[in-house]
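In what follows, a structure is listed as structure tokens, so that the remarks can point back to it.
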Amino acid sequence: MEMLFSTKGITICLLFFVLSLAAAIQIPLSVAQLPTITEQSKTQVAYPFDDDFAIKCEATGNPQPTFNWTKDGKPFDLLSDPRIIPFNNSGTFMIQNHGIMADFQGKYRCYASNALGTAMSEEIELIVPSIPKFPKEKIEPLDVDCGDSVVLHCNPPKGIPPLHIYWMNIDLQHIPQDARVSMSLKGDLYFANVEENDSRSDYCCFAAFPRLRTIVQKMPMTLRVTRFKHTNDSGSPNAAVTKANFIKERKPKLLIPPESSGISSLVTVIKGGVLLLECIAEGLPTPLLIWNRVGRDMPEDRAATENYGKVLKIGEVSAADEGTYLCTASNSVGSVKHEFRVHVEDQKTRRERSRDSTKASDGISVRKPPQWVKKPVSNVYSVGSNLVLFCQAIGNPEPTIKWKLNGMPIDGRTYRGQILPREISLINLQLQDSAVYQCEATNKHGTILATANVNVINVSPVVLTPEGEDYATVVGYSAFLHCKVFASPPPVIRWVREDSTQSLEGLRYAVYENGSLEIKETMKEDSGLYTCWVTNSVGKGAVNANLDIRDATKIAVTPKNPQVLKSHSVLLKCLSEYDPHLKHSFKLSWRKDGDELQINSTEDGRIIADMDTVFISSVTMEDQGIYTCVASTSLDRVTAESQLIVLDIPDPPAALHLSEKQDRSVRLSWRAGDSHNSPINESIIEFEENRWEPGKWQELTRIQGNDTTAVLSLAPFINYHFRVISVNAVGRSRASEPSARYETPPAAPDKNPENIRVEASQPNEMIMKWEPLKPVERNGPGLEYKVSWRQQGVETDWNEELVKKHSLPLGNTPTFVPYEIKVQAVNSLGSGPEPNVTTGYSGEDIPDAAPSSVMVEVLNSTLVKAMWSRIPRDRVRGRLRGYKVIWWKTRSLLDGKRHHPEKHFLTFIGDRNHGMIPGLEPFSEFHLTVLAFNGKGDGPESSPIMFHTPEGVPEQPHFLRILNFDKDSVTLSWGLPKKSNGFLTGYNLQYQIINETDEIGPLSDVNITNPSTFSWRLSNLSSSTKYKFYVSACTMKGCGKPATEEGLTITDGTYAGIYEGISTQGWFIGLMCAIALLTLLLLTVCFVKRNKGGKYSVKEKEDLHPDPEAQSIKDEIFGEYSDSDEKPLKGSLQSINGDIKATESADSLVDYGEGDHGMFNEDGSFIGAYSGSKEKGSVESTGSSTATFPLHA
């Protein structure tokens, strides 16, 4: 893990730190030291188009070194030529290009010297290239027959690489190349076979040297292609061509590699380099080149063919690319092959192999310039120590080793040490032994130089680390405090804490050779001041350092490893916690599978990484992977991961296979598709057959789990196609491709028809019907149905008939008589199993008897109970459906007026003998009859009986108006109720004070006993007070709901009546018109909703105008209500079949019929309206005033 610990932003990796321990000792420039060459030029080319050329030589040392040069081993004065410009305090010089540079070509060497010694550079060769040229030569024309192979050689001149070769004509047009004509890697032009149109006299090879900015042309070459004609052929020219081509046709022959190389060749390539294998063949027809790798696949991402398939190129070669590659050239006549055995080696292996062997396997000497095996190493030595330097090199021929001291050959007679070819030694070093030693290895192929500075120094410690350096790290990490020092002899280094002389020791502390202190697994308590003490025999030194310990950064990614459906969205959030001191350096970034996610949006806008969040919309399978949040500060770096798992429906199954084929079964196997991270939990097997319903896929079975094989049960006489659909938690896959077809042989039916029933529309007929067999249940051709029937309870033989349809009508049957019926499936191969017996009835007729003993019990002014005796079962002549109660009003008991009879009825389902008749008009005379009905229709009605309804409460008065308002009195006027529902006994007048704060005063009553009184004056009212007035009409049964009005009394001298004073104002007239219009619109909407069956709250209406007679009727049930046309009205209830659930009050609804004209709420209240005469009573209010009750304080 990377560890960041400097407040100055210095990043130190532990790996780099350990490597620094092994680095060469760096001597501070403040200490006297030998010169050291720090920079020098390598071999340099003086290009003619460059303005100048720099030859570099830089060196350090104390004292500052001086420089001088040699050229070709002789002293070279930089001031000898005005074109040379030397640099100050440097060995580097510049040569200006004035056109003639040949004099400067040679080998240069730089010497840097000071009082302690001389350093010498390696040889620097300056090459002044000449312009490459093709030799002037006369190239003879090349005459060949049509179909021959030809090679035109380029042989380009030598020059500074790179080299590019082109084949063009004299007009600089490229020679067309293809599979027949192409250029080799060396630049020669190859013709696999020539054609007549290849004849031309200007084949030119151009060699381009980009670094020299030069292109040179070879002399044009002439190629003449003649048509071959057999000497004995006297036929037409076309015949000659045909015969010539036949003679020239030949199998391929390899030109590269040549046949002389055999059938295989060895190719060595450096790891990381580019492998180029070339195969060029001649032949007629033109050979086709194909490359293969023996035993393995080609690396598709790095392998490609070039030059019309003649070159195989593999980039970034790795050890895995080692092996045998096969080139095959083939045409219609034959083929030829060549194997390339490729060996991959790295640079180190190649160097070691070159060092260990200087001869080829065939014993031929290999030319090799010198290479280092061991080089002398620079170092710092203290007085009295010993010196040993090694120098070893290899090459062919073996290099000669020469030692030099300060650039000069060592004189063994005066040198007090020992000199050997590969070693030099010196004991008891003194200050004056400081020198630069050079080791030079030379053979005829080259020279190499190695330099070692021997610095003999005696100096007290020099601390190189700045004083008071600030360091920081986070809790749990290691902290490194540096104490870089130079001293000779080597110093003793120890670290102490502030106000302590005790050296830091223990498992948590480590002091390295370079003086650095490591504190492992730091804690907050490790913060503070530290001192590094450095001591040797010459002197001592010290440096202080400050250490701060910060809190470690912590992060977490939520949600952790989410599973997301494909095409859905996901939001990843990185929660972080870090030390406040590190706020300015804190950074968050995201990576997916190790690659960085950019902060801005992606091109399609689906993935947006924004600081601490990553939002992915419309997730795809490519989005799944490991998302890593990376949090970094100047001191630490932490990561947190979350694996995004994308769920999708499975891929469709594949490779369907049929086995174990039997008459009634087959085994189906398949290969499951990718489950896309959601295990397959079910496989749906479907089939299609081409005889009965071709093209229609039907489900056959389902296989639970992830099994990929199943034995399928099959039906006879079916030509099956199968397909499989995989199911996981996400959904169903697409269907697989169909399997091969499999046809089962026919057989007798396995089952008989189901749902056998009898239908009849006439009393003396019977139609037997059944569900026909499905196509897959027929089992064979010629399907028919054998129908058997007989009257139940009669000893007689079965009647039988074969039919192809799935019904059989019978006539002249007795009315509603039970029959036993059997239906059996039969086909050309036999009959199905013995069928079951089903009982059915012949046709019904209407009942021929009416209910008797009809009675009526009056319960209140709007509700009666009808009772009757059931008709005998044999008179029903069918299945009894229920009874209908019919009633009609004949006259009003109030005025004795006769009414045109308008009949209504209620239906009571089932075999019963009573029912409740609600919603009648009070104080009226009615007639009532009862009939029974079955599936065929209604039977005769009973004799009508008469009954009367008692008085009820009146409806609200038609209106209530305020005629006059005084200071303390008011005059009220009202109208008769629309329906009095009995003899009026008077009116009940009530009033109370109201105001804008919803506070109400006590209710006052005035009982008016004269029913002819329609106005009343109230006195002793409060002035300037708002009142609400209520008037209701009364009978002996009670008072009905009131009409209401509001008004305001006036103050002294002021009139404030509701209908006077302001009634003449224009704004008031407009307001009243608007109110009237809105009221009309509201009434219209309510009327439309009511006629559409809109539901109204019965409870609210009962609260507004309670009927004292209706309060006890809570436990009866209602039936169907209809007028004499038996047509249901809008808003009526549907028939109740006896399956009605109990209400919350456990009220029974059995005693009420089902009516088409009436609607009743769950508590039994009637809220429908009759469709008869407008004189009929209705519970609905028709008064013009607001129907509300007094407000009780």
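Cβ from N, Cα, C; glycine included.
Taken from TrEMBL, the feature signal peptide covers 1-24. Look at TrEMBL and you will find 35-125, 129-222, 252-343, 370-455, 461-548, 553-639 tagged as domain 'Ig-like'. Sequence annotations record features per position, and here TrEMBL assigns region 'Disordered' to 344-366, 734-755, 1173-1193. If you look up TrEMBL, you'll see 344-359 marked as compositional bias 'Basic and acidic residues'. As annotated by TrEMBL, domain 'Fibronectin type-III' applies to 652-747, 752-845, 850-952, 953-1054. Residues annotated as transmembrane segment in TrEMBL: 1067-1088. Per TrEMBL, the feature compositional bias 'Polar residues' maps to 1179-1193.
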Query = In the same chain, which residue numbers or ranges, 6 or more beyond the ends of the region 'Disordered' (734-755), come under 8 angstroms Cβ to Cβ?
reply = 649, 651-654, 656-658, 661, 663-664, 666, 668, 670, 686, 688, 690, 697, 714-725, 770-773, 777-781, 783, 785, 806, 823-833, 835-836
Message = Would you say the domain 'Ig-like' (370-455) and the domain 'Ig-like' (252-343) are touching, if the rule is that at least three C-beta pairs must lie under 8 angstroms and be 6 or more residues apart?
response = no
Query = Can you find at least 3 Cβ pairs under 8 Å between the domain 'Ig-like' (370-455) and the domain 'Ig-like' (129-222), where each pair is 6 or more residues apart in sequence?
reply = no
Task = Helix, strand, coil: count each for the residues of the domain 'Fibronectin type-III' (652-747), based on DSSP.
result = 0 helix, 45 strand, 51 coil
Helix, strand and coil totals (DSSP H, G, I; E, B; other) for the domain 'Ig-like' (553-639) = 9 helix, 45 strand, 33 coil
Three-state composition of the domain 'Ig-like' (35-125), taking helix and strand from DSSP = 3 helix, 49 strand, 39 coil
